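**Q** Below are the features I grabbed from TrEMBL:
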- 1-28: region 'Disordered' (REGION)
- 12-205: domain 'Poly(A) polymerase nucleotidyltransferase' (DOMAIN)
- F91, G92, S93, D104, I105, D106, D158, K219, Y228, G237, V238: ATP binding site (BINDING)
- D104, D106, D158: Mg(2+) 2 binding site (BINDING)
- D104, D106: Mg(2+) 1 binding site (BINDING)
- 210-355: domain 'Poly(A) polymerase central' (DOMAIN)
- 357-529: domain 'Poly(A) polymerase RNA-binding' (DOMAIN)
- 520-638: region 'Disordered' (REGION)
- 612-629: compositional bias 'Polar residues' (COMPBIAS)
Amino acid sequence: MNQTLDQPEYYGVTPPISRDPPSAQEVTQAADLMKELRAQGSFEPEEDSRKREAVLGHVSKLVKEFIYQACIRRNLSEAAARGAGGKIFTFGSYRLGVHGPGSDIDTLIVAPKHVDRQDFIEIFHSILQNDSWVTEATAVPDAYVPIIVAEIKGVPIDFTFARLALSVIPDDLELKDDSLLKNLDDKCVRSLNGSRCTDDILRLVPNVHVFRDALRAIKLWAQRRAVYSNVNGYLGGVAWALLVARVCQLYPNGNAATIVRRFFLIMSLWKWPQPVILRKIEDGHLSMRVWNPKLYPSDRMHKMPIITPAYPSMCSTHNVMNCTLEVMKEELLRGKEITTKITNGEAQWAELFEKHNFFTKYHYYLQVIASCCDKAEQSKWSGAVESKIRQLVSKLETVDNLARIHPFVKGFDNTYYTINMQEHGDIVLGNISSTVASRTEEEAKAQAPEDSQAIYTTTYYIGLEIARLDPAAASTGPRKLDISAPTSEFMKMARSWESYQNEIMGIAVRHIRNSALPDSVFEGAGRPVKSGKRRKVGKVQDDSGEAPAKRKRPSGEPETPEDPKSLVPTVLKEIASSEFAKPGPPRTPQPQDGPNGVPAIPTALDGPAQVFNRTSAQLPTQNGDSHSVTPAEIAQAS
């Protein structure tokens, strides 16, 4: 291929599928798309954008002060400390130009060699805590990429850190030179990779403006359909950006409407685990590990590999599991069907962005409840629990009789005020009465000045679909779903977190029916109301025209629980709440002797069950995605 550095013959690892310009219809559809994105509130007001710029300018000054103080701690001279420099680089959605109202700013701090990560956690964190612009600052040193989460003048910022093998960080420093990675530890390389990857994406798309408009649409769609969360096994912002960038390479002259429609068409046909890459993966000259499924067995385990373009190339989707891949495939297929209708004039763009139906889709859900008596510690504890939910989901994938496991993309935070130990224990276990849920801090203090206490909880949800009984199988009585082993292992693993404090932290896992879901999960939309009562089958009238009398219950037969707070299926005997999970804090009532975990769930569910494939269809190759979807397949699907 003959090409120059500045003007390649084509972008990506394969030639474009089409170089056609947008048709008149696509021009109209692109205008309608942008109108809909504005109506959906996807764009940030100009006033907020100016505030972000002012905040970043202030942050730059704080970083200079941080580098100065760290250098003084290392006994550098005053002149050397002042001249050491330091620079910030934004990445993620803000750098890509697709951030919306309330979005955080991913910010990398680059420091000279005398400043280490401990200085970042201690000195910079302290500077943030003492700055008048900063309303919140929390260090998370144990994260895969250590970060400090802050809020400055109402703007959320996630800080990461990397130091280079340089004595001075100049203001005109650029990070695209691979030699800057020399002699860096893995955490610094990962931190730098975020910024380097974002910049590479912008260099590898034919039209940045079209890319941004299309990515803004895909990002909104992924958030509305609840498939936007790297930590919970879906795709994060970088991965969705890489997919959109690849489609832009295949249609270099298309507009936003073209790219969005082709995105759903191509990605719904993609033959995973074939990787998506924006350019050929390079081995480099620094002997760093590069994604290579032929060489590394762990890379062969990736279900949906989407590879970062910057050296060293990494898989941005190593968290994807079988069950989350199936959810995303369904949503991509839905997107394809809707965009086809839009093209045919049978639907509007608003239909694509309709909210998910996660909390009405399943009969049963698992609740994972992380609780703590300290607000600052709860932020760390809930994050640690969330990072381990994928391991619980992976264990649930091996359980018989489960047709689907569907983790939700985020947790729900609540604060409760208790007046005695019994209420405290109930909250830890997830049993929240309406009285406690509505009680204010002032009311709690008035009722129990000495014993009132605030408890902070974060609740995560996993949807469960039970496999339907095979009519051909011999009946051996009611089936039960035993998930006590994986839930017990999960809670044990969560409590093994090195910063776990048994005195103030709790963890519980339990199952509930969809009718028992709290109103908060519907986020202001209101709980869906059933259209009507289910028609009773088998009741006939006698000759008198009256319905037969109800069967009288024998005196020894227990009544069906009428308490709406009962979360145990009525076909089971009522089970004490202590058997769902063991509370963390010792001050809460200890559970009675019994199974630790979740009781069996009856498997009588309505609707077809879909069993997902637990094995990879083919071995991914390291370079090239040209064998995944061919132009002929796309033309046929169109």
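Cβ from N, Cα, C; glycine included.
Where the annotation comes from TrEMBL, it is an automatic prediction and has not been curated.
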**Q** So how many other Cβ atoms are close to I105 (ATP binding site), meaning within 10 Å of its Cβ?
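**A** Counting Cβ neighbours of I105 (ATP binding site) within 10 Å gives 23.
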**Q** ATP site residues F91, G92, S93, D104, I105, D106, D158, K219, Y228, G237, V238: biggest Cα-Cα distance, Å?
**A** 19
**Q** Would you kindly give the Cα-Cα distance separating D104 (Mg(2+) 2 binding site) and Y228 (ATP binding site), rounded to the nearest Å?
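**A** About 15 Å separates the two Cα atoms.
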**Q** Measuring C-alpha to C-alpha, could you say which of the binding-site residues F91, S93, V238 are within 10 Å of D106 (Mg(2+) 2 binding site)?
**A** F91, S93
**Q** Whole-number Å distance between the CA of S93 (ATP binding site) and the CA of D104 (Mg(2+) 2 binding site)?
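**A** Cα of S93 (ATP binding site) to Cα of D104 (Mg(2+) 2 binding site) measures 8 Å after rounding.
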**Q** In whole Å, how far does the CA atom of V238 (ATP binding site) lie from that of D104 (Mg(2+) 2 binding site)?
**A** 14
**Q** So if I draw a 10 Å sphere around the Cβ of D158 (ATP binding site), how many other Cβ atoms end up inside it?
**A** 17
**Q** For S93 (ATP binding site), what is the tally of other C-beta atoms lying within 10 angstroms of its C-beta?
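**A** Excluding its own Cβ, the number within 10 Å is 22.
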**Q** Relative to the mean position of the Cβ atoms of D104, D106, D158, the recorded Mg(2+) 2 site, which additional same-chain residues have Cβ within 8 Å?
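**A** Here the non-site neighbours turn out to be G92, Y94, I105, T107, I147, V149, P156, I157, F159.
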**Q** Under 8 Å Cβ-Cβ from D104 (Mg(2+) 2 binding site), six or more apart in the same chain: what's there?
**A** G92, V155, P156, I157, D158
**Q** Where among the binding-site residues F91, Y228 do you find the Cβ with the fewest other Cβ atoms within 10 Å?
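**A** It is Y228 that, of the binding-site residues F91, Y228, has the fewest other Cβ atoms within 10 Å.
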**Q** Count the Cβ atoms, other than its own, that fall within 10 Å of the Cβ of V238 (ATP binding site), considering every protein chain shown.
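**A** So the Cβ neighbour count for V238 (ATP binding site) comes to 22.
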**Q** DSSP says what for the domain 'Poly(A) polymerase central' (210-355): how many helix, strand, coil residues?
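**A** Its residues fall into 73 helix, 6 strand, 67 coil.
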**Q** I'd like to know the mean pLDDT over the domain 'Poly(A) polymerase nucleotidyltransferase' (12-205).
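**A** Mean pLDDT for the domain 'Poly(A) polymerase nucleotidyltransferase' (12-205): 95.
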**Q** Around D106 (Mg(2+) 2 binding site), how many other CB atoms lie within 10 A of its CB?
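**A** There are 23 of them.
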